[in-house]
Amino acid sequence: MLLRLEALSKRFGRDWVIRDLSLSLDRGEVVALLGPNGSGKTTLLRLMAGLLKPTRGRVERQGHALFLPNPPAFHRHLTAREHLLFDLAFHGAAGDWEGALKRFGLPAELPLAAFSSGMKKRLALARLTLLRPDLWLLDEPETALDQEGRALLQETIREARKGASVVLATHDRALAEAVADRAVWLGAA
Amino acid sequence: MLNAAHPERPDALTWVFLGLGLLLLPLGLYLALAAPPDVNQGYLARIMYLHVPGAWLGYLAFAVTFVYSLLYLFRQDPRYDRVASASAEIGLVFMGLALVTGMLWARPTWGVYWTWEPRLTTTAILFAVYVGYFLLRGAIEDPELRRKAAAAVGILGFLNVPISYMSVKWWRSLHQTQSIDLTTGKIHMDPAMLQALLLNLVVFTFLYLGFVRFRGFLAALEERKEEA
Amino acid sequence: MWLLALRDLRLEVRDRAGLLSVLAFLGVTLFTMALALGPEEAPLRRAAPGVLWVALAFLSTLLSTRAFALEVEEGTLEDLLLAPGGKEWIYFGKLLFQMLLLLPLSLLALFLAAGLFYLPLEKGLPLFLTLALGTLGYASVATFYAGLLSRLRGREALLPLLLFSLVVPVVLASVRATAGLLEGLPLEEVASWWQLLLVFDAVYVTASALLFPLVMDG
């Protein structure tokens with residue numbers, strides 16, 4: 001068991017965003033979170049990551065989780081190379097950053113301020129493949145990606161599930177059907 | 001000092017503390033006014049019966065806030081936070097009372113309302129820390145972040161007490177020539193005066209305990225309303 | 001911890017706007033104070049340590065807000081929080097970053113003050129020690145509070161209020177130590193202020209490092 005949510009509820013101010021949600025996830029599983037805007041997909045991912053504390057209920061997590069926000073967050077004054085090198089070192093990991101950049105078709109020496117949103121998405125995926133978390137939490141990973149980028153995303157998720165599990169929040173039914181074993185539908189708040 | 005998680009009304013102990021405090025308050029005041037005037041300071045010394053218990057309980061209250069803030073951070077139970085903030089609130093009232101009465105006493109005695117004496121300065125700093133504590137609480141909407149931030153201020157602020165005291169003490173001793181030390185103006189106490197002072201201390205302690213428990217109860221109600 | 005500090009330093013240098021505003025602030029403050037208190041030499045010299053440390057106090061608030069504002073603006077604070085290993089290292093990294101900037105800046109401030117306020121600089125090393133201990137005192141608390149408030153609107157107003165009531169001992173001790181050194185008091189008399197600063201630094205670095213993971217989590 002990699003992740004278990006027990007009767008999870010989260011409230012912001014007076015509004016309940018998530019109510020009584022239970023879910024468990026094994027290594028190797030891919031789960032898609034579906035639902036309209038404002039149905040709590042991002043909140044749920046952040047709860048899973050431990051970035052938010054549940055109002056009620058529990059999150060049990062084994063292993064290391066990483067969260068890919070939408071849009072992805074980077075320092076604009078660093079280059080892709082510097083960012084990946086820092087992330088690798090800060091996480092105490094080693095990896096072939098040059099290969100990863102090449103694979104995702106990204107320039108190494110351009111400051112991120114000059115990256116398009118699709119390139120940033122690709123960089124975020126490259127970063128995850130390098131850091132190899134046990135739990136991948138992806139928030140709308142398909143947005144801003146072109147055809148080739150989407151193919152890369154699917155490939156990345158399929159590779160990731162070999163050793164880890166993936167939760168992705170998405171509006172793309174086709175993507176969910178292509179990669180996910182299960183889907184969780186979150187209703188409107 | 002913890003109330004139950006969801007009380008319907010303040011419990012018996014709260015009423016006992018409040019009742020004892022309120023009942024004994026007139027007696028304390030009577031004894032204070034009946035106590036003989038001080039040899040040097042005359043009737044002015046009577047302000048002491050309010051000043052000393054006020055300051056004493058102010059420090060006690062902030063110490064309680066410190067302890068419960070620590071407990072909150074390690075246990076994450078909102079009840080601890082309620083006690084910490086209730087205690088800080090009551091502490092601010094008592095400390096304010098001590099500062100005001102102190103200034104009223106200082107004006108005729110020392111000729112000034114304020115002097116940079118170590119104990120005064122430390123008290124003023126502590127007062128400012130807890131004003132900040134409540135401004136911070138007011139500024140944060142998320143209840144959990146609010147509790148944590150407040151707890152951090154409650155802890156760091158109280159750690160500062162001995163360091164501030166030392167720094168102001170040295171600062172003055174190295175700099176100023178005039179020296180007014182509260183301890184040199186010590187009042188030798190008549191038994192009647194001591195009795196009155198001690199009784200007032202007890203009365204204030206009861207009031208403090210009652211207020212904190214009552215305030216904690218109100219905070220619990222507020223929180224429940226926020227949740228509903 | 002060095003990683004984070006050096007990366008932040010690189011960001012700060014590339015950003016330029018932040019560093020320039022900090023430098024401008026320092027220059028303008030010292031210059032205006034010198035104009036306001038001058039032009040006689042004696043009062044200027046007497047006021048110099050106070051002016052210097054007040055300027056440094058504001059400088060450290062500015063810097064500490066920036067240390068976390070950059071992360072929050074870009075949304076990268078969460079990446080740091082999700083990294084394996086203790087969150088206290090984020091605190092230490094940010095603190096180190098501040099010190100790496102504050103130390104040269106405070107030296108610069110000292111030289112500026114020396115020029116504008118007619119200060120003698122013979123005791124270079126003890127003065128530098130005072131600067132280091134004092135700025136560490138400021139930065140230890142400022143970094144902690146800046147991290148705590150980083151997710152809050154209106155932090156610019158709250159930070160000084162929370163900070164300045166805590167750092168009173170640092171202000172007093174640093175000003176006295178600096179004044180003592182400039183007046184040529186023997187080192188033994190200044191040493192007790194250093195001790196006080198050292199105690200403050202030790203207490204607050206430890207307490208902040210212990211509390212930081214607790215308040216940043218969730």
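Including glycine, each Cβ sits where the backbone N, Cα and C put it.
Please treat TrEMBL annotations as automatic predictions, because they have not gone through curation.
The transmembrane segment annotation in TrEMBL covers C:17-38 (among others).
Annotation comment: TrEMBL describes C:50-69 (among others) as transmembrane segment.
Among the features that TrEMBL reports, transmembrane segment is placed at C:95-119 (among others).
As annotated by TrEMBL, transmembrane segment applies to C:125-146 (among others). Beyond its flanks by at least six residues, the transmembrane segment (C:125-146) meets 53, 56-57, 60-61, 63-65, 67-68, 91, 94-95, 98-99, 102-103, 106-107, 110, 155, 159, 162-163, 166-167, 169-170, 173-174, 177-178, 181, 187, 190, 193-194, 197-198, 200-201, 204-205, 208, 211-212 of its own chain at Cβ-Cβ distances under 8 Å.
Residues or ranges marked as transmembrane segment in TrEMBL: C:158-181 (among others).
Proximity of distant same-chain residues to the transmembrane segment (C:193-215), defined by a Cβ-Cβ separation under 8 Å and at least 6 residues beyond the stretch ends, is recorded for 86-88, 90-92, 95, 129-130, 133-134, 136-137, 140-141, 143-144, 147-148, 166, 169-170, 173-174, 176-177, 180. TrEMBL lists C:193-215 (among others) with the feature transmembrane segment.
C:50-69 is the stretch from C:17-38, C:50-69, C:95-119 with the greatest number of Cβ pairs below 8 Å to the transmembrane segment (C:158-181). Away from its own ends, the transmembrane segment (C:17-38) comes close to residues 44, 47, 51-52, 55, 58-59, 62-63, 66, 101, 105, 108-109, 112-113, 116-117 of its chain (Cβ-Cβ under 8 Å, at least six residues beyond either end).
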